[in-house]
Structures are given as C-alpha cells and as structure tokens.
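Structure first, commentary second.
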C-alpha cells in the first residue's frame with residue numbers, strides 16, 4: 001500500500017514541482033499567469049479527492065476506487081508525455097511579452113496538455129484519499145499495540161511519500177530541465193504502472209471493511225440537519241424532556257451545537273424509527289461541524305504551502321546554482337530539501353520525541369493531534385519571515401551589481417541562501433501535515449474516513465485557489481499604470497519580499513484563529 005503511494009507521489013511531484021518552468025518555458029506564459037495556473041491545478045487536484053472519497057465510501061469501496069483511479073492516472077500521464085513531445089508554443093507563431101498568436105498545432109498542444117493535466121488531477125482525486133484510508137484500515141484500533149502502530153503509521157506513511165518526492169526532485173527535474181520534457185513526463189507514467197502492479201500483488205493479504213446493512217452515512221448525517229431545521233421552533237424544554245426520557249446524561253459534547261438536539265423530535269410528534277434521530281447520529285453530525293473551524297483556520301497554512309512550488313522555485317532560478325564549474329542544480333531541486341528534512345526528522349519524531357512525550361503525558365502519540373498541528377503552523381509562519389528577509393537580500397545584491405534590468409543574468413548570490421526557508425517548511429510539514437492527516441482520519445465517522453482524508457486534502461485545494469486569487473488581485477493592484485507589479489516577470493524589479501511579509505502576517509492571523517478553535521474542540525470518543 002505504501003509502495004503505490006510512493007509511486008503516486010513520485011508521479012505527482014514529477015509534474016507539479018517543475019510545472020511552472022514548463023508553463024513559462026515551452027508554453028510561453030508569464031510568471032504571474034503560470035503561478036495562477038499552477039495554483040488552480042493544485043487546487044483542483046486537492047479538491048477532487050472529495051468526489052473520489054464520496055464514490056469510494058458510498059459505492060465502490062476503497063480498493064476498487066484505487067484501481068480505477070490508478071488507471072485514469074496512468075492514462076493522463078501518458079497523454080501528458082505525448083503533449084510534451086509536440087512542438088513547443090514558445091517556438092510557434094508570433095510572440096510578444098503577454099500576447100501569443102498560436103498556430104493550430106500549438107493550440108492542439110496546449111489543449112492536450114491541459115486536458116492531460118486535469119485528467120491526472122481526476123486520477124489523483126480518487127487515489128489520494130483512498131490509499132491512505134485503506135492503509136490505516138489495516139490496523140485494529142481495539143488492539144492496544146495496533147493502536148500505537150497506527151499512530152506511527154501516519155509518520156512512516158509521510159516518510160514514504162517524501163522519499164518518493166525526494167527522488168523525483170533530484171532525478172526528474174534534472175531530466176526535464178536538461179534532457180527532455182517528454183522523458184520527464186514519461187518516467188512517472190512507467191513508475192505508476194509498476195506501483196499499481198505492486199499494489200495488486202498484495203490483494204490477498206489486505207484487510208477489507210465489510211459494509212453491513214447500515215444506512216448511508218451521508219443520508220444519516222444529512223437527516224440530522226434537516227430535522228433540526230424543520231424543528232427550529234421546538235423549545236429547549238421539550239428537547240430536555242426528550243433527553244431525560246431517553247436517559248441521556250448531559251455531557252460537554254451534548255451542550256455544544258444544541259440546535260442539532262432538536263433532531264431528537266419529529267415535526268409531527270411521531271417517534272417512529274426513521275422519523276427521528278438517535279443520540280449517536282446527532283453526535284456524528286456534531287463531529288462534522290466541529291471540524292469546520294479547524295479546517296478554516298488551516299487554510300492560512302495551506303496558502304503558505306502553495307508558495308513552495310511556485311515563487312520559491314522562480315526565486316532560485318535567478319540565483320547562482322553552480323555546484324561545480326560545469327554543473328548547475330535545477331532550481332526546483334531545492335524542493336527536495338523539504339522532503340529530506342521530513343525524512344530526517346520523522347524518525348527522530350517517531351523514535352525519540354514520541355516516547356519521551358508519552359512518558360510525560362501518558363498519551364499514545366505523545367502530544368495531541370491539535371498540539372502537533374499548531375506547532376507546524378507556527379514553524380510555517382517563521383519560514384515566511386525568513387523567506388522575506390532572504391528575498392530582500394537578493395534584491396539588494398541585484399541592485400548593487402547593476403542587474404536590476406538584466407533578468408537573464410545570474411544574481412551573484414548562492415541558491416543555498418534559500419535553504420533555511422525550505423528546511424523550516426519541511427519541519428512544519430512534520431508537525432502540521434502529518435497531524436492534519438491523522439486528525440481528519442480519526443475525527444469523522446468510521447464509514448467516512450476516505451471523506452475525512454479528502455477534507456484534509458481539500459484544505460490545500462482551497463488554499464491553492466485562495467493563493468491564486470491573492471496573486472491575481474495583487475498583480476492587478478500593484479501593476480496598474482504600467483508599473484512593475486510584485487510579481488513582474490523580471491524578478492529583480494518585482495517585490496516577492498512584500499508578498500512574503502503579507503503571508504507571514506496572514507499566517508500569524510491564521511494561527512491565532514486556530515488556537516481559539518482548538519481550545520474549544522471536543523475530540524471524538526477514543527481519540528486525541
């Protein structure tokens with residue numbers, strides 16, 4: 001199961017990590033337009049898991065959805081490789097700075113490229129939430145040892161993902177930048193085929209969730225909200241009387257979102273099964289509502305996360321990337337240091353930090369899921385502060401060397417200056433990313449765990465769209481009157497430092513909102 005996920009991440013980051021370079025190179029888009037396209041695609045890829053999870057949890061089951069999504073993924077990657085083999089737009093037709101008149105062959109390439117790209121997004125939408133949920137399903141939460149192992153699984157799962165990403169960023173980005181985009185997109189297709197074969201080989205060893213005769217969880221939870229709305233005139237005394245009649249003891253959970261308790265009564269006063277909701281069904285609905293503030297506060301973290309594959313990469317492309325006299329590392333390769341940081345710190349976290357924290361707190365995971373997520377958000381905000389300071393130095397170096405109007409000349413400042421912001425991004429992922437995965441898996445009803453993980457992924461989808469909107473709005477506001485915007489194609493005249501300061505401020509705001517939400521959060525029974 002982990003093997004197929006490593007293959008999928010290898011393929012996904014083989015596209016996403018250097019996508020902005022392909023868009024601004026062979027497809028000839030501007031920096032701002034390309035960044036918006038990358039964010040839009042990343043957003044779609046992160047929101048489509050909601051559809052995939054719904055199909056898996058309601059109809060096909062996780063195993064079948066993984067198989068079908070993988071086949072769709074492979075088809076998309078194959079077509080993507082084909083589109084890259086066609087003559088590039090940058091060599092077709094008449095071209096000015098922001099206006100490209102495309103020949104029919106170039107138009108076909110652009111159409112095929114984006115069709116293939118979004119086909120990959122649909123494949124990923126079915127694959128991503130189901131594989132992780134299917135992996136976590138292999139552990140029995142009733143067994144104390146397997147319960148601890150499941151918490152550890154989420155750490156090693158992310159370790160495996162980052163191992164695949166690390167290999168991608170050092171091998172594929174070099175192939176794409178220096179050899180061939182066709183080969184650079186073709187290799188991920190081959191890796192996905194191998195990953196799918198490995199996954200299928202384990203078919204007879206897996207544990208499968210057997211669906212009983214229970215009602216569809218979407219209908220069950222939806223009925224709670226419908227009844228609560230229909231009973232909006234019901235008095236609190238009537239609800240209290242019904243709770244007392246059912247022998248329900250008041251708890252901290254029952255006092256939250258009390259308007260949903262109205263679903264205990266039917267509008268016509270009937271108590272027939274199907275016309276009223278049980279206390280357990282109401283608790284399920286409350287569990288879903290409790291996730292909303294955490295989900296919303298996490299969007300600020302997701303906006304920052306979106307920058308690592310866009311402006312961080314463009315920043316690095318302007319700097320001195322020489323390792324030896326004849327070798328330059330691709331700018332996108334620095335993304336591998338996020339993966340490397342995660343690969344170094346996850347074993348430290350899992351084997352040293354967790355046992356020490358467990359001894360102090362008595363909690364199986366050492367610290368609570370919400371504490372882990374909050375720590376990651378704080379580190380993410382600090383990474384933006386560092387990024388702003390480094391960009392200020394890069395701009396100052398370009399000005400001192402007279403390179404402000406020479407965007408194609410390398411700024412004499414080592415690309416390794418960007419390393420701290422990448423390392424901090426990796427550290428924040430060790431805490432926040434893994435914490436969010438575990439949180440959204442455990443805090444939803446059992447039958448909706450694919451949907452829970454899809455909700456976690458949707459944070460980054462909506463975050464990417466918000467980032468895209470933010471970039472477009474700032475580009476329009478700061479580029480009025482013919483002046484250089486914050487995201488000018490000539491980064492030596494742009495002001496990414498201002499953008500990073502803005503993101504640092506937004507991160508601080510998001511962290512404050514998160515802390516307020518976490519303080520009042522009530523965990524689902526049996527999980528912290």
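Count begins at 1; order follows the chain as displayed.
Glycine residues also receive a Cβ, built from the backbone N, Cα and C atoms like all the rest.
As annotated by TrEMBL, transmembrane segment applies to 40-60 (among others).
The transmembrane segment annotation in TrEMBL covers 67-86 (among others).
The feature transmembrane segment is assigned by TrEMBL to 106-123 (among others). Taking Cβ pairs closer than 8 Å, the transmembrane segment (106-123) reaches residues 11-12, 15, 27, 41, 44-45, 48, 69-77, 79-80, 82-84, 86-89, 92-93 in its own chain, all 6 or more past its ends.
Taken from TrEMBL, the feature transmembrane segment covers 156-175 (among others).
Same-chain residues lying 6+ beyond the ends of the transmembrane segment (181-201) with a Cβ under 8 Å from its Cβ atoms: 1, 3-8, 10-12, 14-15, 18, 22, 26, 66-67, 70-71, 73-74, 77-78, 80-82, 84-85, 168, 171-173, 175. Sequence annotations record features per position, and here TrEMBL assigns transmembrane segment to 181-201 (among others).
According to TrEMBL, the feature transmembrane segment maps to 329-349 (among others).
Among the features that TrEMBL reports, transmembrane segment is placed at 370-390 (among others).
What TrEMBL lists as transmembrane segment is 453-474 (among others). Sequence-distant contacts of the transmembrane segment (453-474), counting only residues of its own chain at least 6 positions beyond either end whose CB sits under 8 Å from a CB of the stretch, comprise 32, 35-36, 39-40, 42-50, 52-54, 128-129, 132-133, 291, 295, 298-299, 301-303, 305-307, 436-437, 439-441, 444, 485-487, 499.
Residues or ranges marked as transmembrane segment by TrEMBL: 498-516 (among others).
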